[in-house]
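Below is one structure, written out as structure tokens; comments come after it.
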Amino acid sequence: MLFSKSGRTIFPLLPPYGVQDPNGVQGRVIPVHPDGSTPYLGLRARLSQVWLNRWTVLLLLVLARVLMAASSIKTDMNRAKSEALSACTSVESMGDAMVSMPHYLAEGVNELTADGVNAAIDGLKMLLMLTLTGVEELVIFFVKVMYQTYLCLFTLVVHGVVDVGLSLIEDVTDVLNSTVKTVAKDIAKVTETFEDDYNTLISKINGVASLFGGSVPTLNISSEIDKLENVQLSSSIDKDLQKINDSIPNFNEVMNFTENVIRFPFDEVKKLVNESLGNYTFNASALPVPAKKTLTFCDKNDGINSFFAGATDIILTARKIFIAILVVAAIIACVPMAWQEIRRWHTMKERSQLVRKEAHDPMDVVYIVSRPHTAAIGIKAASRFSNSRRQILVRWVIAYATSPAALFVLLLALAGLLSCLCQFILLSAVKRTVPELSNEVGDFAEEVVDVLQNTSAQWANDANKVIQNVDDELNDHVFGWVNTSTGALNDTLNTFVNKTIGVLNDTFGGTLLYEPLLDVFDCLVGLKVESVQKGLTWVSDHAHIDFPLLPNDTFSRGAEGSLNSSDASESFLADAGDETSNKITEVVYKVISALEKALLIEVIIASCILLVWVINAMFGIIRALTLFWGRDKNRGEGGPAPPNSRPNPGSGPDSHGFIDVPLTSLPSHRDADETAARSQPAPRYEVATSQGSSAAVVSSELEYPDEKVGFAGQRNALRVDGVSDLRGSSYVEYGIEKY
């Protein structure tokens, strides 16, 4: 056998020297094993492990974490369901206590209402007594002011008129008496002369007349003149005026009568008020006491069970969706990975030719072959730079950031974030159903408020009927007397006016002073009395009491207001300090909050893992930047060789699209290298003598920049002497796919 050569006892077995060397044809390799077996995996073997690719495994891990999260959420929701049902029972008990609260509060409220009514009636009694006394004295004072004012004015007018009349009569009498006597004397003198002459004439005439048997009487008017001299006005002419002056009324009788009439109804009303309200006590037992109520909304309403059943259905549906999506994604991921394996296989076969070529860094070749994708990305990024050293640094940074360890950290972080995203979607779907539970609980609260409103309204209606009966009783028995008193007072004032007018009529009736005195009385007294009567009429119309009635929401206003409050902690279904409006949704929010906190921790952990990868990549970037802008070293400092010692890279890429990258231009020390190699305890590949196309280093005007390229490790680890003296491994160059 080919592997029977002595000294080949180490594992794995290596092919004998020279069997893979070309047999006259460049690049032709003879298979080692007749059955075609190779120690590395062929294409079909690689494809058989496609389902174990990293993406499929990561997706399955994400699926496992999502299933665990769904199971955890389901368990937590079941626990929350039990707590919610327990909370519903406690809320129901609280609702029972609240709807029964009017039963316990009614007695106290009834006593408070009775005390309020009693206090109001006591105050009303005092107010009525004071008002009656005040109105009584005010009316009497007003009447006195009116009639005394009128009496003074009346006395002034009458006495003045009578005094003026009497004085005038006396003056007229004196003038008349003196004037009449003087006139009488003068008339007597004139008439005496006339009488003498007339009598003389008559006597002569009688002398002649006697002849005829007749006679003419003589004139004698002295007696009438004497009467005229003795004429004087009678002293009784001023007796009537004096009688009027002495008979001016003082209205004492009218005032006494009026005052007695006014005081009588007031005294009677006071007596009735004292008798009616003196010992009045409102009967608190007449107010109703509501019966106790019981609520059963937890038993009749299946909202909580339906909510958690719906939440469980959402979790199961989401779990099925995630299983389908992630499993399909994991299966679909096998397709590009299979295609990638095929490309990787062919790329690796193509790039394995680099091993047989000289002027390549073996470590770079191994990296390119083993990591084709990251190496291709590095080469693509490095192609943007013309400087070979910078190209190498760019490729190094990408290789540093995409090393197996770094990629493991990166993929672990991405898988964690993807798992968190799936959990967040699942949790958000559950969280969106919480308003449904809040609506159900809101219905509970509204039911409690409705029962409270009905109980409160019924109690208020019954209590208001009792209060209205008290209003009617007081209005009939107390203010009815007030109405009677005001009517009697109006009648009294009318009597006062009529009596006064009667006195005036008796005194001045038929005289010139009667009409003026009536006008003065109407002006001074009548108009004022009319105003007082209008006021008394207004009092009579408005003299009634209306105690304030109890509102229908006496016992339900606070609970109803808590439902409309913007502060959720004010809800009557919440404990003091709760952030939610009720205990039931508080249980669900606690579960969701705990899951959110756990999810946040996972996000932080995944982010920290991603940050580790970022920090690692930054280390590589910083290191590359320090070298990126560094100064080039000369030959003595380990810099590149002179341009004329470089191998000719050729005019372009080969048939596979690769460009030879020169490793070094050091002179060959083949003998020393072989001597050192043979001194090692393990066998090593022998250099195959070949007359390949790359025989010697030829200077060309197409030369690489003067930079150090391709060293990985010791500077003189590899030596190339211008011929293809690197033995290529035949394990990567078989023409057919192997298992």
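Even glycines carry a Cβ here, placed using N, Cα and C.
Membrane topology per Swiss-Prot: ARG44 and ASN118 sit on opposite sides, carrying different topological domain names. Each of the glycosylation sites ASN274, ASN454, ASN490 was assessed for Cβ neighbours inside 10 Å, and the highest tally belongs to ASN490. Mean pLDDT across the topological domain 'Extracellular' (170-320) comes to 69 in this model. For ASN490 (N-linked glycosylation site), the nearest of the glycosylation sites ASN279, ASN454, ASN505 in terms of C-alpha separation is ASN505. The two recorded residues, ASN505 (N-linked glycosylation site) and ASN274 (N-linked glycosylation site), show a Cα separation of 43 Å. Sequence-distant contacts of ASN552 (N-linked glycosylation site), defined by Cβ-Cβ distance under 8 angstroms and a gap of at least six in the same chain, are GLN453, SER456, ALA457, ALA460, ASN461.
Counting other CB atoms no more than 10 Å from each candidate's CB, the glycosylation sites ASN256, ASN279, ASN498, ASN505 peak at ASN505. Counting only the Cα atoms, the space from ASN454 (N-linked glycosylation site) to ASN256 (N-linked glycosylation site) is about 63 angstrom.
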